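**Q** Questions regarding the structure given below will be posed in turn.
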Amino acid sequence: MSLTRLNIEAFRNIQFAQLIPAPGINVIYGQNGSGKTSILEAIYFLGMGRSFRSHLSQRVINNDNDKLTLFATLNLARGDSKIGLRRFRSGETEVKIDGEKVKRLSTLAETLPIQVITPESFSLLFEGPKSRRQFIDWGAFHADPQFYGAWTNVRRVIKQRNQLLRNGAVYTHIQFWDQEFVRYAEQVTEIRNHYVDSLNGLLKGIIGEFLPSVDVKVSFTRGWDSKTDFAELLENQYSRDLATGHTVSGPHKADLRLRVGNLPAQDALSRGQLKLLVCALRIAQGKLLKQQIDKHSIYLVDDLPSELDAQHRQLLLKQLTDTGAQVFVTAIDPAAIVDSLHTPPNRMFHVEQGRVTVVE
């Protein structure tokens, strides 16, 4: 799968741009503030309906416009597919796939799986478990068609349960919701656990390439003691949940644990090593997607030279090339990317003040 055409209109400082990307490595270069990261962001927005730059997500629409428009043609195994998205200042989003209106943004994610390696994405290991749950759930969503519905039901039940707790409901009023909660929680947990097991099979070899002297153990924690019956736990923890006003244990507390020896990876590794570990996780996830559903991810790699030294840039780009996926990578100086590739990039784009040109 690859993007064969991308139109960007009124997105950040890009008034209008049309790109015809190549299937392999696409290098996008330009000075800071030129708009090169906005191209990656537009691709991500088209696949997720939101920005990966969460602190700037309210300002995606160009100041002179009342809406942004993104359009892409995808080359898929079954033939070409067209995706269009409009976001209005009111917050309304309109999505079409092959001319048909789409109501759920999850349909975008299913159509256009995207992996992001940016300065912000390294928070996967530096911050709390939420981003690591999202990492697991991205893979579980693509790997198992039952996951989305089960996880949607988990969130619905937790919301209802927490409202009852805040209202001081007696346990007999909560018990009905707990029966649903247990059923969906166990389904979500089984899918997540199976996914992490599958990921581990690929991850060990990739981590060995990036961090050959480091033994990283990866495990999944479900959000409650695996030796404890979840229904019994919910009943026994009712008083605690009532006191806090929310559900303390469950799949919404799951985590992906990465350890080196007896220490969390965050404490045992340098910041540079942690960045390489995140890269390994993203590459493993993309490779697993290809194995499971025969679909490539699209990789968006932002400001690579500032994040990794020359040796590790070369290693990452080799790994990305070997996946066979389409890659968009940005830099201020294109030589920092080109010199790290074993073969010339498939296409290069120069960005200046929001204007994009192909470099022949």
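Keep in mind that glycine also has a Cβ here, set from the backbone N, Cα and C atoms.
Per Swiss-Prot, the features are:
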BINDING   Gly30, Gln31, Asn32, Gly33, Ser34, Gly35, Lys36, Thr37  ATP binding site
**Q** Using a 10 Å cut-off on Cβ-Cβ distances across all protein chains shown, tell me which of the binding-site residues (Gly30, Gly33) has the largest neighbour count.
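**A** When each Cβ's neighbours within 10 Å are tallied, Gly30 tops the list.
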**Q** Determine which residues of this chain, when Gly30, Gln31, Asn32, Gly33, Ser34, Gly35, Lys36, Thr37 are set aside, have a Cβ within 8 Å of the centroid of the ATP site's Cβ atoms, and list them as they appear in the sequence.
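**A** So the extra residues in range turn out to be Ser38, Thr330, Ile332, Val351, Glu352.
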**Q** Where's the emptiest Cβ shell within 10 Å among the binding-site residues Gln31, Asn32, Ser34, Gly35, Lys36?
**A** Asn32
**Q** What three-state secondary structure does DSSP assign to Lys36 (ATP binding site)?
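**A** Assignment for Lys36 (ATP binding site) reads helix.
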